[in-house]
Amino acid sequence: NLSFTRDGNSLLSPVGNRISLFDLKNNKCETLPLATRLNIVCVGLSPDGSLAILIDEEGAALLVSLIGKCVIHKFYFHKPVHSVSFSPDGKKFVVTKDNLAYLYHAPGKKREFNAFVLDKTYYGPYDETTCIDWTDDSKCFAVGSKDMSTWVFGAERWANLIYYSLGGHKDVIVACFFEENSLDLYTISQDAALCVWQCDTELDGLKPMPPKDAAKEKKATEDDEELLEEPKGEEIHGKADPSEQETRNKVKYSRVAKYFFNKEGDFNNLTAAAYHKKTHLLVTGFASGIFHLHELPDFNLIHSLSISDQRIASISINCTGDWIAFGCSGLGQLLVWEWQSESYVLKQQGHFNSMVSLAYSPDGQYIVTGGEDGKVKVWNTSSSFCFVTFTEHNSGVTAVTFTSTGYVVLSASLDGTVRAFDLHRYRNFRTFTSPRPNQFSCLAVDSSGEIVAAGSQDSFEIFIWSMQSGRLLDVLAGHEGPISCLSFNPMKCVLASASWDKTVKLWDMLDSWRTKETLIMNSDVLVVAFRPDGKELAVAALNGQITFWDHENAVQTGSIEGRHDLQMGRKELDKITAKQAAKGKSFTTLCYSADGQSILAGGLSKFVCIYNVQEQILMKKFEISCNYSLDAMEEYLDRRKMTEFGSMALIDEGGGGDEGVAIPLPGVKRGDMSYRHFKPEIRVTCVRFCPTGRSWAATTTEGLLLYSLDSGLIFDPFELDIDVTPSNIHKTLNQKEYTMAIVMSFKLNEKKLIQEVIEAVPSSEVDVVCSSLPDLYVEKLLEFLASAFETSCHLEFYLIWAQKLLMLHGQKLKTKSVKLLPVIQFLQKSIQRHFEDVSKLCEWNIYNIKYALALSQQRGMKRQAEETPGDEEELDSDSDYLM
């Protein structure tokens, strides 16, 4: 259910139970901080672009402000809703559910107790209603239905408009559209047929109902309402076959034409359609992934293309009619197509199956993910877009990692290969294999990026390759169970391997691959992780414990009993309670924070836990999702879903009708009986902390989630005195005591003020100020510079600051390298981003200058060869050529 914003530059798309805003001009994506209880089914956008109505699978609606990005009102429709549409004047909106259409007053600018006030209820269709379209002046709207009829209703009572149905189709109505400023109508059905209906009355020809008749009708509906429990507003009943007497002198429709798509016989179901009234452009999508562009009313084909091999679920056209957005829910594809230039504006696709692992690049700019579909995708953390996909693997990817340079991605797969991909040329430049075919379950690369290690599931061996030559260096045997995890020490060439044989082995890579140490556990080991400074090892086992080891001396330094913090949900078909099931649960993924003080842990539940390593206590629990469309979300079974025969979830309703499956037998209501519908189970497959220490990411059933520290509005003073006030800081600044002013501004710790003070320092004074700055404030200033690079345009000025600070305090900073690493990496990430942007611009300018020089030289040679006195015409033609 895609919709473009009012300016046509951004696209609103539901992803599960959340909604994402894709800014196509600035190439950014943002997920709004709100969620529904179940997956979002339909989205209605107000004409001014400030409000949206999101409705989930059960009919629960949220009224959302797109300006404040918050929920204004919640409403429950009690039944699944098929579509929702605002009137063009923004005063009303229509909702279709069951075989009815409900007209509501749209929420206004003033505050009200109930934002959704029901105005009228329309009866007419015999089967479920599917689509809505309004006339341009908001006087009437059309509703399509599964009973193959389309109904035209008036938003007000019109004396000469009686509500009757338009037939002429042999299948479900997919879409209906009014012509611009007219009551003429187009209807499109699932069997790829288009009917053109002409109306004998213009929009201005609709006559209002006399007030007497309207008052009579209103009283009759009020009397009916007293007998009913819930108010239905004014009830309006349409007639399928009105008598001749009733249709006399009334608005009349006649079918002018009927067109068919796909005359060649490649018959398939039409699944989505959109119409742009100003340009008369009709876009239709099919179950086979093909879309057609037609010009109406003459039905001229502009072009027809295949963009996917799954059904096109949703189509939307922006306000100018240039861009067309397509959504394919089967593969998770979102495409924006510019039809005039025949090019993609946006082309995004997630993993087809669940994501299994992820890794951050050393500067935190990119994330690589591997999925069960065998794809390796690299994402940009600032724009949230995937910019390259590698499809070389033939089976599921089990582990991915970056090398320390950040330009090489490694992935291990169940197809028996470990592949290395180059992010400069986007190609697979190395493929590592074992002598006998093995399925690789885990992967690690050392800090130099030279040694690649992968663990095998079936032969219990660890294979070591050289990145330089691609040769197999050694096979480490010793484990008696499948290898579950590998991790290299960031500071030394030591490999830790975890196995289901209840041991963790440490191998020294420099000492002819001998086992250095074997750590014995109480249970099967699932995951190991080194602290960023390499001095501590964290191990998670099958009994739900996380233990911490001083691996140099093989001594256990602490443990966390984490099983109760996982808080498993109960699956719909589970015979035992969530509490009992949790006894067999454990963490399957671990990761230290960038400063090594806390540890992230996730497993087969909807929670990710952060523990303090020193205190061994739970600091915070993140709930990954509140989407009840996923399994294992609820802690207790709902008694309403239990019958005497067992859980209602055991009843398989089968797929079919909606999925575009042809009905195979007469009398069978839904489609293919072999089609199975299942709920994906909520789980966290991998968590990783960003090297800059500002964010962390998790791969879950919901997708790739990024959590970030947003310290924009926090007042966090540092060693604050009574004298430190903004006015005193400005006074110090006016006296040109720059170092003092910087120290005072950092004590107050308000970002705007710090920026003002630093930008007031003349560039010639930067050297002196840096040398006299106390060590404690050097770190704070570096952190500020890193964040300032993200937003500021004073690039050279801040680069001078960074250079002087690092040159003057480099030696002292080196001693605290582990503590400062996240800050330095944050700084590097910011500078690197600017470097990439500026270097592209400079290269382009250098090319232009060379081109201009070449032209002028050519002109000079021409002039020397052909110069004759008084030959001015030649010069003129040359100067035109240069222009």
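From the backbone N, Cα and C atoms, a Cβ is placed for every residue, glycine too.
Here the structure is a predicted model, which means the values were calculated and not measured.
What TrEMBL says about this one:
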REGION    208-247  region 'Disordered'
COMPBIAS  229-247  compositional bias 'Basic and acidic residues'
REPEAT    348-389  repeat 'WD'
REPEAT    390-431  repeat 'WD'
REPEAT    476-509  repeat 'WD'
DOMAIN    749-853  domain 'Small-subunit processome Utp12'
REGION    862-883  region 'Disordered'
COMPBIAS  868-883  compositional bias 'Acidic residues'
Residues from the same chain, set at least six apart from the ends of the repeat 'WD' (348-389), whose C-beta lies under 8 A from its own: 27-30, 331-335, 395-402, 404-406, 409, 411, 413, 415, 419, 421, 423, 426, 680, 683, 685-686, 688-692, 694-695, 697-701, 703-704, 706, 825-826, 828-829, 832-833
For the repeat 'WD' (390-431), sequence-distant contacts whose Cβ falls under 8 Å of one of its Cβ atoms, 6 or more beyond its ends: 353, 356-363, 365-366, 368-378, 437-445, 447-449, 452, 454, 457, 465, 467, 470
Residue counts (helix, strand, coil, in that order) that DSSP gives for the domain 'Small-subunit processome Utp12' (749-853): 94 helix, 0 strand, 11 coil
Helix, strand and coil totals (DSSP H, G, I; E, B; other) for the repeat 'WD' (390-431): 0 helix, 24 strand, 18 coil
Residue distribution over DSSP helix, strand and coil in the repeat 'WD' (348-389): 0 helix, 23 strand, 19 coil
